[in-house]
């Protein structure tokens, strides 16, 4: 379980949200919604261990993620707006690099096949379209073999077919006792089975 208790976060001395609490049980799919600048990215970065909250606690399996970061990082994968890929490397080299970090080289073929990356494997990442770049970055979900997926706007720059593919991967991960938390501007019909947290509800608590 991933549990947040009374989280507050600031950016440039401005409070983004305050006293935000929720629990993500195994098999959870959670959508964090809100307009640009409302704190969605800051929240998911806090959940990833990259941005300590001003106050409150985040616990994974009962342990504060900031007290035991190594244990948490090994069970979590975070994909932000920046795709964290090297432009000078080919797609294949990027995938191999991630697998080397996670010691999961046995998952390379499955990740390539699931994200249908075969046509671009030998192309430098920097030469790809925005859609292909995002698809390559999402391969990290499978390469990581992580139980917790944190994805900031996963469908950005993707066509409808790839969006459906990613939704299927998310469903499979959650069904396998995973936890998936994503951000988006609003809920849609395709995301109707996600538990929605509107971050604006916690913006209104500011004093």
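Counting starts with 1 at the first residue shown.
Note: Cβ is positioned from N, Cα and C throughout, glycine not excepted.
Taken verbatim from Swiss-Prot:
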- 2-204: domain 'ABC transporter' (DOMAIN)
- 34, 35, 36, 37, 38, 39, 40, 41: ATP binding site (BINDING)
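Features as recorded by Swiss-Prot, highlighted on the structure.
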residue	record	Cβ contacts under 8 Å, 6 or more apart
34	ATP binding site	40, 185, 198, 199, 200, 203
35	ATP binding site	185, 200
36	ATP binding site	185
37	ATP binding site	none
38	ATP binding site	16, 17, 199, 200, 203
39	ATP binding site	9, 11, 16, 17, 199, 202, 203
41	ATP binding site	80, 81, 152, 183
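When pLDDT values are averaged over the domain 'ABC transporter' (2-204), the model yields 94. Of all Cβ atoms in the protein chains displayed, 24 besides its own lie within 10 Å of the Cβ of residue 40 (ATP binding site).
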